[in-house]
């Protein structure tokens, strides 16, 4: 029996793991409801300064919220329209790209035969077998696609509704969370809520800034190289860059493959790799630490595990939501004594050191 009345360490760790398991199970089972709700919360946090600005201008609160949501939907609509137009232009050239891809596949087959001495007939048999397996999975793939489209429609419908209600009842939700806890915990709960709101707002803002910069740099590089679909490839790279680490890898492979099958035979695809690598170096060493990383100090291992787990539980939306989710968890863990070791496990002292060494931020702080 513990004299101090504290639970043994193994019991506390077990309870924490059980709680995490239950939360993950609830998230997996209720993702169709929770995912649009989480995105609505992020959008509401992002729009809160706009609503406050309009309210200070003597505008009605309901009207301020509606104007903010309409502006956000207009921006999202412009991005979706621009992306769809680029995708449509890309799809028009699919037949030509298929022919180029066949020629590229033939070249690769001969290279495999010359390098590894694997007969082209054996390669074709393996490809045909893989194609048969993929055709067997086609009904399941169609069902998943239909389900995904249905979920996207539900997101579009519920996102503005949830966002409006969260913004309108913001004070009520905050008061509820404060009243749930004991009186001596109210100051700590208020601090957690305020810091969580600040982190989410700064993270989303930082990601949007990073997205625009990465898109602009990739577009400029691809336009200088003169490759086909420069705006489309730059936009895909910027959007996939939102998903940490994994998104960058997928974007690079996609851009290289499209460039291989769409460019002239004499074009060196290494130039595309060089542009993407240069932008990634700039992104990882300047944009992420000083724009996004300074807001969310999470180590790389925790981010990668969060992306994998988030993708397994909720798909692509879970990959995006994992970082603000981890940041909020870290804020909570840092203010509860029994959970502080978990905050240490999630934290990243490297980002803090980089931010401290940044001369620009030191000058701004002195002012």
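Note that Cβ sites are derived from N, Cα and C of the backbone, with glycine treated the same way.
Bear in mind that TrEMBL entries carry predicted annotations, made automatically and left uncurated.
Your range for transmembrane segment, going by TrEMBL and the list 231-257, 339-365, is 231-257. Of all ranges given (35-55, 98-118), TrEMBL attaches the label transmembrane segment to 35-55. Counted over residue pairs 6 or more apart, the CB atoms of the transmembrane segment (35-55) and the transmembrane segment (231-257) come under 8 Å in fewer than three pairs, which marks the two as apart.
Counting Cβ pairs closer than 8 Å and at least 6 residues apart in sequence, the transmembrane segment (203-225) and the transmembrane segment (269-292) reach three or more and so form a contact. Taking every recorded stretch in 9-29, 62-83, 152-168, 269-292, 298-328 and counting its Cβ pairs under 8 Å to the transmembrane segment (231-257), the highest total belongs to 298-328. No contact links the transmembrane segment (62-83) to the transmembrane segment (9-29), because fewer than 3 Cβ pairs that are 6 or more residues apart lie under 8 A.
Beyond the ends of the transmembrane segment (152-168), by six or more residues, the same chain brings 32, 35-37, 39-41, 43-44, 47-48, 51, 61-62, 65-66, 68-69, 72-73 to within a C-beta distance below 8 angstroms of the stretch.
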